[in-house]
Each structure stands twice: as structure tokens, then as C-alpha cells.
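Q: First the structure, then my questions, so here it is.
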Amino acid sequence: MPPIEPAERPKLTLKNVIGDLVALIQNVLFNPDFSVFVAPLLWLADSIVIKVIIGTVSYTDIDFSSYMQQIFKIRQGELDYSNIFGDTGPLVYPAGHVHAYSVLSWYSDGGEDVSFVQQAFGWLYLGCLLLSISSYFFSGLGKIPPVYFVLLVASKRLHSIFVLRLFNDCLTTFLMLATIIILQQASYWRKDGTTIPFILSLIAADTYSLAISVKMNALLYLPAFLLLIYLICDENLIKALAPVLVLILVQVGVGYSFILPLHYDDQANEIRSAYFRQAFDFSRQFLYKWTVNWRFLSQETFNNVHFHQLLFALHIITLVLFILKFLSPKNIGKPLGRFVLDIFKFWKPTLSPTNIINDPERSPDFVYTVMATTNLIGVLFARSLHYQFLSWYAFSLPYLLYKARLNFIASIIVYAAHEYCWLVFPATEQSSALLVSILLLILILIFTNEQLFPSQSVPAEKKNT
């Protein structure tokens, strides 16, 4: 047998070097096998970016000082929400917001040490990023290309919302991301029985309730949360009521000082009434000058109650359509009619063995997509979006672009156009119309995706062609 001659090494030429660099860049951006290396490096790089922003960009006080003024009144003993004001208006957030900013007030000398608060929000941002990266990996099981992780850290506006504005939306976002990953874990561990998933569903109800207690926008997730809890609890309605009870009890516990459940005198009734009236005011009016999404409409239309009713109707209709898609027979393992009838067998589990929630490979993806899509529907039909509201869905946007089956280049273009909409200040007719169009496009592409929850054996490049 003749000896095997070693292959000739490629020559060190400029052309070969450039070719190697191009191949490396392509792998770093588009090869899913590189995501496990790229994502941690992005997190570390973004932690440096956060420090640079805090150290070089001036903090802008929009609501934070008003939050501190409101907290000061509460610390003086005022519990009646109708008497708690700051420079920008009355206190309109639930008790979780009060507790969170009370802690910040305590450690920042009443808000005077803004640098400390910025650092706290910097860590909060990095926590959100870490949870998002973990959820992405868990959902895609290593199949998501690195470019979508790059998009996770690419929003200038999102960085500003966290460390230069200090809005309470940031804490709600963190708690919702925590809730999602706990639900993902609950679905995954069904492969080993039902006890661990049930315990995790109770923990998820806890974090979800805490998110609601900070800001009401977390309620946009409620339909998805209830659906997933029902599935994780074996389609046993009695069992699923336990997480719902936890959710309610946490609300009572967090808001105890204002709800005063054991007191029924006139003063307690007034404090309780003011709390629910202001902290959970669904009829709150928004200012036209701050709207990011409906600027292409006239101010008269924006303030018209019939327009608000239309948005609510479209929200419900779209939500129902997506729920029907999520509950397709191939996902739940039985006809939809049987699923509905089984709800009335509330005393026993009726979950099909072939339900997607029982598939540890696909259920984390199902959980994330159902939660993120339901939230995005609420965002699309919101009566108004202010600049800080970007944080409501920014961390899920790259994943939703991935689920929309856009190719890499299209995803980058859509993301850049979306970021442009949030950077324009004040919003214009063009930027707001573009924003609504982008959100609508993403939802349409997800809805028309016939392979929304493919087997993980399907190569990633097949999903995005």
C-alpha cells in the first residue's frame, strides 16, 4: 500500500486570509453551533457597554424623582392613593412598584444617589438579558443562529430605558422573563412526572403576580399564562386553580397596606377604594403628544372612545385566532371540540399523552412563543405606546423574528426599521405607521407559519429559508 501524502497546506495569501475572515464572520453570525460561544461574549460585552453608558451619558429625570416624592409621602404614613402625588402626577401603580422603589429610596438616600440606582438598573438589564439568552437556548435547544442573540443587545433605546430613565417597566419585564423561563422549566420537567411541574407552576404564579403588582402591562400575558397553567396542570381545572389562588394571594399580600383586607371602617374603605381606582385604572387617558404607535391618526381619533373599543375588539379577535392556532389538534393531541368538553371534567386530568406540553424538545418553544405572541398582540392593539413601553417586548422581538421564518438579512432589516421607529422623537406619522406595520407583519408571518413548532431534528437553516 503506497504511503499517503499529507494534503498540501493552503498558501498564505491575502485572498485566502480574506476568505477565512469571511467564513469566520459567517459562522459567528449564522452558524447555530457558534451561538453557545457568541451569546456569553455578547453578555459580557454588553455589561461593559452598560458601564460606559452610565459613566458617559447624562441621566435624564422623567419620572424617577416623582416616584421618590410619592415614596416619601408613603413613608410619612400616607396610605390613601388619592393623596399621594409627585411632580409628574398622582401615584398610579400597584403596591409592588411602591415596595421596589421604597428599597431604591432607602439605599439611594431618597433618590439623591442616582448613580447607585443606575447601577442597580444596569444589573437589572443584564439580568433580563441573561434570562432571555437562557430562554432562547432552552426554546431552540441550540438551533438558533447567533445573529438573533446579536439583535438582543442591539437596541439603543432599550439601554436608555433601563439605565438613563429608570422606569418601573424594567422591573416588570424582568419578572415576566423570569415567569416565562419558570414555565418553560415546568413544561420540560413533565417528562419526569407531574409534581415538579406543579410546584414550578406555583412559583411562576408568584413571579407573575409580582410583575402585575409593579405595573399592569403584565396583564397582557394573562390569557397565555392561564392556558399554559391549565396544560401544565394536566388539563385538570381544580389543580389549575391552585396557581390562580397563589396569584391572588400574592396580590393581597403585596398590597396589604393599601387593601387592608381585615379592616372595614370608613377610612379603610376609602384607602382600599383609592388603591384599586388608581393602581388598576383601565380607563386611564393617554396624551397624544407621547404616543409612538398612533401618531399617524388625528388627535380626535386617538381620543375617540369608539377607536378604543375597536382596538379592544381587534385585540380579542386576534387573540382568539392565535389561541385556536396554538390549540390545533396536532398540538393538543385531540380535536378542539374534545378539548372544550374536557374542561367540564374539572375534577380529573384530561391531557392527551401526545399534547405538545408533554414533549420536552418542543414544549419550551411552545411556552415561549405562546407567551411572547400573546404579549405582542396586546402591544399592537394598545391604546398608546410610550417610549418606555418598548421594554415590554424588546427582549422577545429577535425570537419572534426567528419564529416568523424571516431569513437573516430580512430579520436584520426589520429589526433596524423597528429600532428606527423607537428612536424618532417625537414620533412622526411615518414612524408610527411603520411601527404598527412591522408588528402586524410579524404576527401575520407567525400566524401563517405552518411549522411553528417543528421537531428539533429539523435543521435551523430549513426553518429560516
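Glycine residues also receive a Cβ, built from the backbone N, Cα and C atoms like all the rest.
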Q: Is it true that Swiss-Prot lists C233 and Q430 in the same topological domain, i.e. on one side of the membrane?
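A: Swiss-Prot topology: C233, Q430 on one side of the membrane.
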Q: Swiss-Prot tags one of 186-205, 366-385 as transmembrane segment - which one?
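A: The range carrying the transmembrane segment annotation in Swiss-Prot is 366-385.
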Q: How many helix, strand and coil residues does the topological domain 'Cytoplasmic' (429-432) contain under DSSP?
A: 4 helix, 0 strand, 0 coil
Q: Can you work out which residues elsewhere in the same chain, 6+ from the ends of the topological domain 'Lumenal' (182-211), have a Cβ less than 8 Å from its Cβ atoms?
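A: 96, 135, 138-139, 172, 175-176, 218, 221, 225, 228-229, 231-234, 239, 242-244, 246-248, 250-251, 254, 357-358, 360, 363-364, 366-368, 371.
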Q: For the topological domain 'Cytoplasmic' (328-365), what are the DSSP-based totals of helix, strand and coil residues?
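A: Taking the topological domain 'Cytoplasmic' (328-365) as a whole: 18 helix, 0 strand, 20 coil.
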Q: Against which stretches of its own chain does the transmembrane segment (161-181) lie, if we need a Cβ under 8 Å and a gap of at least six residues from its ends?
A: 50, 53-54, 57-60, 62-64, 67, 93, 96-97, 100-101, 117-118, 121-122, 124-125, 127-128, 131-132, 134-135, 138, 204, 207-208, 210-211, 214-215, 217-218, 221, 225, 367-368, 371-372, 375, 387-392, 395
Q: May I ask you to check whether the transmembrane segment (433-453) and the transmembrane segment (34-54) make contact, with contact taken as at least three Cβ pairs under 8 Å and only pairs 6 or more apart in sequence counted?
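A: No, the transmembrane segment (433-453) and the transmembrane segment (34-54) are not in contact.
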Q: Please work out the mean pLDDT for the residues of the topological domain 'Cytoplasmic' (55-83).
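A: Over the topological domain 'Cytoplasmic' (55-83), the predicted model scores a mean pLDDT of 95.
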Q: Within the same chain, where does the transmembrane segment (34-54) have neighbours whose Cβ lies under 8 angstroms from its own Cβ atoms, ignoring anything closer than 6 residues to its ends? I mean 6 or more beyond.
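A: For the transmembrane segment (34-54), the sequence-distant neighbours (Cβ-Cβ under 8 Å, at least 6 residues beyond its ends) are 27-28, 115, 118-119, 122, 125-126, 129-130, 133, 136-137, 142, 144-146, 149-150, 152-153, 159-160, 162-164.
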Q: What stretch, picked from 84-104, 240-260, 408-428, has the most CB pairs under 8 A with the transmembrane segment (212-232)?
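A: Top-ranked stretch among 84-104, 240-260, 408-428: 84-104.
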